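Positions annotated as domain 'LRRNT' by Swiss-Prot: 26-57. As annotated by Swiss-Prot, domain 'LRRCT' applies to 359-416. Swiss-Prot lists Asn73, Asn209, Asn589 with the feature N-linked glycosylation site, giving sequence analysis as the kind of evidence. Sequence annotations record features per position, and here Swiss-Prot assigns repeat 'LRR 1' to 61-81. Positions annotated as repeat 'LRR 2' by Swiss-Prot: 84-105. The feature repeat 'LRR 3' is assigned by Swiss-Prot to 108-129. The repeat 'LRR 4' annotation in Swiss-Prot covers 132-153. According to Swiss-Prot, the feature repeat 'LRR 5' maps to 156-177. Annotated repeat 'LRR 6' per Swiss-Prot: 180-201, in sequence order. Here Swiss-Prot flags 204-223 as repeat 'LRR 7'. Residues annotated as repeat 'LRR 8' in Swiss-Prot: 230-251. For 254-275, the entry in Swiss-Prot reads repeat 'LRR 9'. According to Swiss-Prot, the repeat 'LRR 10' annotation covers 278-299. The annotation repeat 'LRR 11' is assigned in Swiss-Prot to 302-323. Per Swiss-Prot, the feature repeat 'LRR 12' maps to 326-347. Marked as topological domain 'Extracellular' by Swiss-Prot on the basis of sequence analysis: 26-696. Annotated topological domain 'Cytoplasmic' per Swiss-Prot: 718-811, in sequence order, evidence recorded as sequence analysis.
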Amino acid sequence: MEAARALRLLLVVCGCLALPPLAEPVCPERCDCQHPQHLLCTNRGLRVVPKTSSLPSPHDVLTYSLGGNFITNITAFDFHRLGQLRRLDLQYNQIRSLHPKTFEKLSRLEELYLGNNLLQALAPGTLAPLRKLRILYANGNEISRLSRGSFEGLESLVKLRLDGNALGALPDAVFAPLGNLLYLHLESNRIRFLGKNAFAQLGKLRFLNLSANELQPSLRHAATFAPLRSLSSLILSANNLQHLGPRIFQHLPRLGLLSLRGNQLTHLAPEAFWGLEALRELRLEGNRLSQLPTALLEPLHSLEALDLSGNELSALHPATFGHLGRLRELSLRNNALSALSGDIFAASPALYRLDLDGNGWTCDCRLRGLKRWMGDWHSQGRLLTVFVQCRHPPALRGKYLDYLDDQQLQNGSCADPSPSASLTADRRRQPLPTAAGEEMTPPAGLAEELPPQPQLQQQGRFLAGVAWDGAARELVGNRSALRLSRRGPGLQQPSPSVAAAAGPAPQSLDLHKKPQRGRPTRADPALAEPTPTASPGSAPSPAGDPWQRATKHRLGTEHQERAAQSDGGAGLPPLVSDPCDFNKFILCNLTVEAVGADSASVRWAVREHRSPRPLGGARFRLLFDRFGQQPKFHRFVYLPESSDSATLRELRGDTPYLVCVEGVLGGRVCPVAPRDHCAGLVTLPEAGSRGGVDYQLLTLALLTVNALLVLLALAAWASRWLRRKLRARRKGGAPVHVRHMYSTRRPLRSMGTGVSADFSGFQSHRPRTTVCALSEADLIEFPCDRFMDSAGGGAGGSLRREDRLLQRFAD
């Protein structure tokens, strides 16, 4: 036995010694190979490329990541076994050179990342084997020169990044092999000169970034960008450009984004943007532009966003934006603007974002048109965040243009010291004749609002052939201006008497020129001019005189105000100019009159009051929305003046709504929500439609069902409990002698004594009836039937049963 055991031990030791050595690890050291197709060696502190000879199947590797290490050199054999590689990442290393045969075996490589290394050049032919390469990152290196052979063989390249290098120039046709290139990044280099053929053969290029370079101060050669017929984005920001020549971008018909921000542009040729019909975004912020040629933006019919912030613009011609019908965003922030014409944005109805902050606005009569335009747009709920803050004059410094009236804007700063302007003003103040031959001097407060009127040479009468229909005062928000219009289309021929009194018309005036007509607005009926009555000694004037009407209205208003001040306001309604006071004291009794399935009518009352003349009558804004909707009151309606009711339509049936009303004075509303003038309503269900869900009835039905389920559960539990009780009773109905058999109330000794005494004299030859005649003192009573089962066994059976009883009940 001992010899057998020794033999077995010897065999085991020999077998262990004969085993082959353990195989080397499959994954290269410090790398992660959890997925057989991805070899991850990023941020592992490597100084050389790991050997891939230990990989069982290196041809299966598709992605190889070596970024974030300290690799300085790439040899010719580092990737020669990775023939199926698709993506190679070598970013953020210290690679200074690439062996010419580094990528010789990587014919299927599609993405190569060489960014943020120390490469100084791309040797010709190094990238030639990469026929299927689509993405090449060589950004953040020290590449200072490029040659045409640097990109030879890269016909499939789509994106090329060369930003963050030290390139000083682009040789002609350097990108010619890249016929399918779509994205080219050349920003943050030192490029000073762009050759005429620098971008040759790049007909498919869509994105070109040349920002943060050192381009020459002027771009004059349109041939530089001529090959880029498909270019959609061109970024030339942060260069030293000072001048743009005419039609420099005329060969870019598909250009949609042009960025020239952060340059030193001081002058733009009027035709600088000629040919850019598809341009949608133009960025000119951060330059030194002091003016814009009137025709500069005329070709940009598709322009949607224009940024002119951070320049030195001091004035803009009213027709500067006249051809930008699709303009949506405009920034004039941080310029030197002091005034703008009210019609400068009239041709841009789609404008929804406008920035006018950071300018030195002078709030005088030159801003009346802009104030009128802003009031119109604010009344439509548009451009609500656009504000013009006054900087001059000192009395209005810090105030907003929206909250100023025309009297505050007429502060004497509009007078032009030039002789022509003073002459024009004097002519406006010359006595004007009425139709009856009277002469009247216009008031000083209204003289500047009217254009110079046509007059006869050395005469003070109206021009023959022109009939004036009086002055109609426009009151839109807080604007008031006199409008002189001609009655009927064209020119009306006067009566013979008027023509004779007027004399012949001068031949130098063109009578066929159509007058300019503004947009009609609703006039305030409460402030309409009274009809002048003719004096007994003068001829009747059907058309009236504009200055006479304006003077009468103004004098009447001033007389009422002076009378109110003299008698303490007795007999005159209160003068209200603040929208909050109007809501608090004048507006009252908002009630709901009628409610339908899709409409509702509300009515309110307005106490008697007076409004300042420049502000005009009070308008109303009705806010309504579904109850509990967030955000609140995103729907509202502006109502005309003198309105006391409104009907809301297109409501939703069987829905609660909250309706509020507030006053609008001079285009302003109270910043405090109108909580005191709100009413709730519930629209009726739609007729003919199926009734909606009655949630009360549904809740009651669900409660009833739940109660029934609870009752059923209780009934099931009660029935089960009763069954158990009945079973227990049935088991409790067993014979008395069985219950006494399992009773432990009496001691076993007395029970055994009685049994042994009674059964000690048992004899088998005695009749069996005597066996059943036991004494009443016995603990257990055995019925006679219990002893009948052994009768068939004869005497032997009785003896065996007796023996068992004696053994069981023995003392």
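Cβ from N, Cα, C; glycine included.
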Problem set entry | Which of Asn73, Asn209, Asn589, the listed glycosylation sites, has fewest other Cβ atoms within 10 Å | Asn589
For this session: Calculate the per-residue pLDDT averaged over the domain 'LRRCT' (359-416) and state the result as an integer.
Result: 87
Problem set entry | Cα-to-Cα gap, Asn209 (N-linked glycosylation site) vs Asn73 (N-linked glycosylation site), nearest whole Å | 31
Problem set entry | Positions on the same chain near the repeat 'LRR 5' (156-177), where near means CB under 8 A and six or more residues out | 115, 131-148, 150, 183-202, 209
Seminar exercise, completed: Reduced DSSP state (H/G/I helix, E/B strand, rest coil) at Asn73 (N-linked glycosylation site) is strand
Exercise. By a Cβ-Cβ criterion of under 8 Å, what residues six or more beyond either terminus of the domain 'LRRNT' (26-57) are in contact with it?
Worked result: 63-75, 78-79, 81-82, 89
Exercise. Could you give the Cα-Cα distance between Asn73 (N-linked glycosylation site) and Asn589 (N-linked glycosylation site), in whole Å?
Worked result: 87
Exercise. How many helix, strand and coil residues does the domain 'LRRCT' (359-416) contain under DSSP?
Worked result: 25 helix, 7 strand, 26 coil
